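See structure below.
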């Protein structure tokens, strides 16, 4: 439908500039918009999922250490968290087509550059632009789905598009490593390039209706954007690199943290003195909003169980993505089911209950995983990981809808504040979850190693028997008795290390279970408090009547 041939009616006008009009469409056209919306939502985090799930082996292909390549995930999440500082106003001033084509086109160019010169620098550039593209695609997916859905069902567009951001990781882990790793990871680079080209082609072939424009940028906006993006990058760098370099062994991490906090304080100082700030700080400090962010952050921290815990446990057992396809296929199905259930049960009054149920699903899954042993393999985790996957998508959409309900009560000028705050709680929260859980797992591993070593002295008959078994297994390969004894002791040490790691992961799973359960109970407490307060307020009215 060409906008030049169609006269938009008053009720088809969007609530704010930068959003597309919503004309009356034929069922076929609405179906096309729905399919495009699903496609864009699926592509949102797929490129980053491909990189994050193969981070350890990608480092070798570009000649860098794994600790240095950790910058890729940190940069993606930092840019993604802060992208809407620019994107919301950019769509208002320049329109959706120009913003989309510019960002996706730049990502395609960055992928070509990385294909020709595969270095850490080009990888960081491509990843940073991918973070910007990810935020763009979330909004695009929502807009396309809104064109397809009836007005009464349009909140579902946000639930679907935000929920689809969660499936990038399981889909990426189902793609064969042989294809991605061929010719020094040429397959990975070509796939990322292909995703960018497909997104650009689809958005050009099926454009959104036009949107109104407005001049909204000011010179001081650029200062705030640069300062806040820099702060997010430094925070993400500390969280992403802290576990690799270790927090107390790398002084530069402390200086990065000081710089990040200083930049954030500077942003607050500037914004409080602007007539038209990007961030509405008085709303940002309100109790209701901070409570909303705290709950969203707690659930995101709990979801680190799936991105770090279960994958780390199975990787320690020698399994790679190719051996985990069935597991992640199950997780993918459970996530899609979570999106469907979130849509079917959506109601402003039910949102807190949806969040509470999601947290309970995550808590149950983490508790089941806490019973793992050194013999645990993917089939033993099907149920627990499906529970967590279902909880993830049941939570993330309704939580954002709750934030938008708060936004509608305040006005559209609070849009940037909400999306940046929510994006930061999810992106930086995801990075913080992996950092905290990973550090805790390392500390607990060292503790369990010491405990196991103390409880298994060399004079213990069981230890002597285990050493004898190890030496017997090596007898056909090592003739020297002394070397055989050393290798047998080494095998025992490796067994202790593996057992200590399993126990440490179980400790992580228990912490996650307690955290998620505590979040659910806190939401339940808030609901009960609101219920009883409303009854107390109604009773005097009934007495007066």
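Note: Cβ is positioned from N, Cα and C throughout, glycine not excepted.
In TrEMBL, the transmembrane segment annotation falls on 252-271 of the listed ranges 12-31, 252-271.
Within the same chain, residues 25, 66, 69-70, 72-73, 76, 123, 127, 130-131, 133-134, 137-138, 140-145, 147-149, 157, 160-161, 163-173, 175, 177, 180-181, 185, 188, 191-192, 195-196, 198-199, 202-203, 206, 321 sit at least 6 positions outside the transmembrane segment (32-57) and bring their C-beta atoms closer than 8 Å to a C-beta of that stretch.
Annotation: stretch 187-210 has the most Cβ pairs under 8 Å to the transmembrane segment (123-145), among 187-210, 283-303, 323-344, 380-402, 414-437. Within the same chain, the transmembrane segment (94-117) packs against the transmembrane segment (187-210): three or more Cβ pairs sit under 8 Å, each pair at least 6 residues apart. Three or more CB pairs closer than 8 A are found between the transmembrane segment (69-87) and the transmembrane segment (414-437), so contact between the two stretches is assigned (pairs 6 or more residues apart). For the transmembrane segment (380-402), the most Cβ-contacting stretch among 157-175, 187-210, 414-437 is 157-175 (pairs under 8 Å). Against the transmembrane segment (323-344), stretch 157-175 has more CB pairs under 8 A than any other of 157-175, 187-210, 283-303, 414-437. When Cβ-Cβ distances below 8 Å are used as the criterion, the transmembrane segment (157-175) is approached by residues 37-38, 40-42, 44-50, 52-53, 134, 138, 141-143, 145-146, 148-149, 191, 307, 321, 324-325, 328-329, 331-332, 335-336, 338-339, 342-343, 346, 389, 392-393, 396-398, 400-401, 404 of the same chain, each at least six residues removed from its ends.
Below 8 angstroms of C-beta separation, residues 16, 73-74, 77-78, 80-85, 88-89, 135, 232, 235-236, 239-240, 242-243, 278-280, 283-284, 289, 293, 296-297, 300-305, 307-309, 396, 399-400, 403-404, 406-407, 508, 511-512 of the same chain, each at least six residues beyond the ends of the transmembrane segment (414-437), sit close to that stretch.
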